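A short worksheet on the structure shown next.
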Amino acid sequence: MKLISWNVNGLRAVMRKMDFLSYLKEEDADIICLQETKIQDGQVDLQPEDYHVYWNYAVKKGYSGTAVFSKQEPLQVIYGIGVEEHDQEGRVITLEFENVFVMTVYTPNSRRGLERIDYRMQWEEALLSYILELDQKKPVILCGDLNVAHQEIDLKNPKANRNNAGFSDQEREAFTRFLEAGFVDSFRHVYPDLEGAYSWWSYRAGARDRNIGWRIDYFVVSESLKEQIEDASISADVMGSDHCPVELIINI
């Protein structure tokens, strides 16, 4: 099974910059998960051939939002995590299949000065609780923009960014707790020591050209699936957003 996750930072903007349908066709992934779609119902007429499409919209216009394109029709689709205060921003879609749950997640940014860190920690706790409930039923593949660089190897300038949003002790510890609860960062499972592998670059100062980036987009899978991971990769050559797609090949 081939899965792709991409924070598009505005789907309409990406569709203006590239032939998005051709991209989907060329990649020929079984499942494609998008984050930060920034659209409302009816704003995009997009029905790729051979895919079932599911959208979760934020209440606030032009903000957040997720989508999943799946070749196989799921047994059920769950929008959000069942906690009203966390389900206003369209951040989670879960697809249930016979042998696995597939989730797309767009984790809230803690913002400059960590002004939203308290909410972020509440989100982390609620999300992990939800994931663990799913994992008791069948294994989970979670992907998306998790807005955290877990270790120093996961960003270009760790010392300069210590305790900035995305590299605070609280956020990194929350991700550690997630993994310790029985999950695997697929990219580090395959490439434990690979440096310079990033999925997001600031638009400022030519950061992408100089590869001054962060790895904040992930595929995280249940521990029981780790031996079925065949490859995990980052498609840094795909333009259109400040993030690039990340990919997982897994034997399901």
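Using the three backbone atoms N, Cα and C, a Cβ is placed for every residue, glycine included.
Look at Swiss-Prot and you will find D145 tagged as active site, proton donor/acceptor. Shown in sequence order, S5, N7, Q35, E36, V105, Y106, T107, W200, I216, D217, H243 are the residues of the chain, 6+ apart in sequence, with a C-beta less than 8 angstroms from the C-beta of D145 (active site, proton donor/acceptor).
According to Swiss-Prot, the feature Mg(2+) 1 binding site maps to E36, D242. All protein chains considered, the CB of E36 (Mg(2+) 1 binding site) has 24 other CB atoms within 10 Å.
Classification of D145 (active site, proton donor/acceptor) by DSSP places it within a strand. The Mg(2+) 2 binding site annotation in Swiss-Prot covers D145, N147 and is backed by similarity to another entry.
A simple way to gauge crowding: the CB of N147 (Mg(2+) 2 binding site) has 22 other CB atoms within 10 angstroms, across all the protein chains here. Annotated site 'Transition state stabilizer' per Swiss-Prot: N147, in sequence order.
There are 23 other Cβ atoms within 10 Å of the Cβ belonging to D217 (site 'Important for catalytic activity'). Marked as site 'Important for catalytic activity' by Swiss-Prot on the basis of similarity to another entry: D217.
Summarising the annotation, Swiss-Prot assigns site 'Interaction with DNA substrate' to H243.
With a cut-off of 8 Å between CB atoms and residues at least 6 apart in sequence, the same chain places N7, N9, W200, W201, S202, Y203, R208 near D242 (Mg(2+) 1 binding site), listed in sequence order. In the three-state DSSP assignment, the secondary structure recorded for E36 (Mg(2+) 1 binding site) is coil.
According to its DSSP assignment, D242 (Mg(2+) 1 binding site) is coil.
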